[in-house]
Amino acid sequence: MEEKQALGETKLNEEPGKEELENHVGLEAGDAGTLPGEQPLEVGHEAPQPTRLYKRRWLIVFLFSSYSLCNSYQWIQYGIISNIFTKFYNVDAFTIDWMSMIYMLTYIPFIFPVTWLLDRKGLRVIALVATALNCAGTWIKVASVRPNLFPVTFLGQFCCSFAQVFILGMPSRIASVWFGSGEVSTACSVGVFGNQLGIAIGFLVPPILVPNVDDLDELAHHISIMFYITAGVATFLFILVVIVFQERPKLPPTQAQATARSIPPEQYSYTASILRLLRNKAFILLIISYGLNVGCFYAVGTLLNRMVLSHYPGEEVNAGRIGLTIVIAGMVGSLICGMWLDRTKTYKQTTLSVYLMSLVGMIVFAATLSLGHLWLVSDLLMAVCPHVSRFFMTGYLPLGFEFAVELTYPESEGTSSGLLNCSAQVFGIIFTICQGKIIDNFGTLEGNIFLCVFLLIGSIMTAFIKSDLRRQNANQQAKAAVSVEKPMWLFLFLSLNVGARIKVSFAPPAAP
């Protein structure tokens with residue numbers, strides 16, 4: 001398999017032999033490695049180790065992004081046409097809200113055992129469990145398309161929500177395990193991109209596939225089609241993961257990852273890691289601010305159908321389009337921010353800027369929703385979103401993940417991401433319930449102002465986070481070590497070579 005090296009292009013085997021591992025060392029820009037034949041010198045406690053980038057890394061992250069898409073699509077699958085499912089299953093609106101909130105509630109108790117399992121068993125086991133649960137949930141839903149089978153469809157949604165626990169915190173872990181320091185934020189953004197795209201499709205597709213008709217038999221037919229399509233995609237992705245998904249590359253992509261690999265498993269304590277993270281003041285501030293931001297997005301996504309229909313009855317499809325606009329704008333923003341982080345490494349500044357723009361975007365959304373002309377609302381969102389951090393909170397997701405990894409290195413990326421997401425789920429449930437009650441009793445404007453207040457608080461907290469970029473410091477120290485070693489290696493080589501030539505030039509002539 002061809003393999004790209006940051007200091008040149010060389011064709012290497014995907015599984016090199018021992019000699020190749022010693023003589024073909026790919027150095028990533030900004031990371032350390034060893035030169036052919038060079039004995040690494042210790043600087044501090046560590047010596048630079050061989051690093052390598054594999055083209056397979058892009059296949060891994062795109063496959064992850066695909067099954068994350070399939071799972072996140074189902075999060076909003078019920079909520080965006082909540083009035084239709086309310087009629088079909090003969091339940092109230094708050095019960096349908098729980099079809100989205102179950103994703104948040106399930107995450108909270110299960111994230112800690114799942115991150116422990118990730119540290120013990122690795123990425124492949126987590127990917128297999130995630131896709132298997134997601135596939136099972138979709139087929140349970142297929143069997144639930146009858147008005148008296150709401151508990152069955154809830155069970156299917158619970159299985160999918162359980163699968164999300166094995167998915168949501170993985171982008172930063174996959175990026176660190178497979179990608180170099182010059183592309184790790186971009187890779188994390190690609191991983192998050194699938195989750196966002198799934199939500200966008202979840203806003204758009206259900207209102208199109210399931211029209212609001214009065215005949216329950218016809219409605220069951222449309223719902224069944226939607227569930228069968230989802231089940232087919234989930235099954236295909238499960239098979240792909242079984243065949244394709246790989247645990248990790250043979251050689252680490254960065255010196256930071258090489259150092260993490262060198263820690264013996266028996267020396268790692270998951271409980272001690274959690275305690276160290278909870279003593280990290282900068283990380284605690286990030287946990288709370290991240291939870292406030294993403295929790296607001298969860299609340300708006302869950303309640304968007306109710307907010308739009310309260311002003312524009314019968315506009316389920318347009319409600320989905322507004323949600324699609326919000327999320328796609330955030331997807332573009334997350335990719336741009338990921339590439340910007342790889343280029344500048346300005347984690348705190350970028351995170352704070354996007355947070356403030358999220359606040360501005362929320363204010364614009366609250367002000368335009370009740371204007372009385374749905375086409376104007378849609379057009380304003382389309383026009384304003386690209387100029388306010390691609391509007392809304394979804395662009396903030398990869399920034400939070402990567403900033404957390406920087407603040408907590410060398411702790412497990414799955415653990416730090418898990419704590420961030422746990423905070424988001426807690427605030428998501430609180431905000432969804434509270435905003436729903438405010439909308440019912442006062443109106444949508446008041447409900448959105450409620451969220452704006454917490455986004456302002458989160459922005460202030462983000463400004464107080466100390467930018468301690470530990471992972472970047474580790475890579476820079478390794479790079480500095482190599483820059484010291486290389487001249488010494490060249491000096492010794494040239495000295496020996498020149499000495500040999502002098503010895504030859506002064507040798508006595510051979511006897512005739």
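Cβ coordinates are placed from backbone N, Cα and C, and glycine is handled just like the others.
Annotated transmembrane segment per TrEMBL: 58-76 (among others), in sequence order.
Among the features that TrEMBL reports, domain 'Major facilitator superfamily (MFS) profile' is placed at 60-470.
Beyond its flanks by at least six residues, the transmembrane segment (96-118) meets 75-79, 82, 85-86, 125-126, 154, 157-158, 160-162, 164-166, 168-169, 173, 270, 274, 298, 301-303, 412, 414-415, 418-419, 421-422, 424-426, 428-429, 432-433, 436 of its own chain at Cβ-Cβ distances under 8 Å. The transmembrane segment feature in TrEMBL is assigned to 96-118 (among others).
Residues or ranges marked as transmembrane segment in TrEMBL: 125-143 (among others).
For 149-172 (among others), the entry in TrEMBL reads transmembrane segment.
Positions annotated as transmembrane segment by TrEMBL: 184-205 (among others).
Summarising the annotation, TrEMBL assigns transmembrane segment to 225-245 (among others).
Per TrEMBL, the feature transmembrane segment maps to 282-301 (among others). Counting same-chain residues at least six beyond the ends of the transmembrane segment (282-301), those with a Cβ under 8 angstroms from any Cβ of the stretch are 75-76, 79, 100, 104, 199, 203, 307, 323, 326, 355, 358, 362, 365, 392-394, 396-397, 400, 403-404, 407-408, 416, 419-421, 423-428, 430-432, 435, 448, 451, 454-455, 457-459, 461-462, 464-468.
Residues annotated as transmembrane segment in TrEMBL: 321-341 (among others).
Annotation source TrEMBL lists transmembrane segment at 353-376 (among others).
If you look up TrEMBL, you'll see 388-407 (among others) marked as transmembrane segment.
Here TrEMBL flags 419-439 (among others) as transmembrane segment. When Cβ-Cβ distances below 8 Å are used as the criterion, the transmembrane segment (419-439) is approached by residues 94, 97, 100-101, 103-105, 107-108, 111, 168-169, 274, 277, 283, 286-288, 290-300, 302-303, 306-307, 310, 400-401, 404, 446-448, 450-451, 454 of the same chain, each at least six residues removed from its ends.
TrEMBL lists 445-465 (among others) with the feature transmembrane segment.
Non-local neighbours of the transmembrane segment (58-76) in the same chain are 100, 103, 127, 130-131, 134, 137-138, 157, 160-161, 163-164, 167, 170-171, 174-175, 178-179, 187, 190-191, 193-199, 201-203, 205, 230, 233-234, 237-238, 240-241, 244-246, 301-302, 323; each lies 6+ residues outside the stretch with a CB under 8 Å from one of its CB atoms. Residues 282, 285-286, 288-289, 292-293, 295-296, 299-300, 303, 307, 348, 351-352, 355-356, 358-359, 362-363, 365-366, 369-370, 403, 407, 427, 431, 434-436, 438-439 of the same chain lie 6 or more positions beyond the ends of the transmembrane segment (445-465) yet place their CB under 8 Å from a CB of it.
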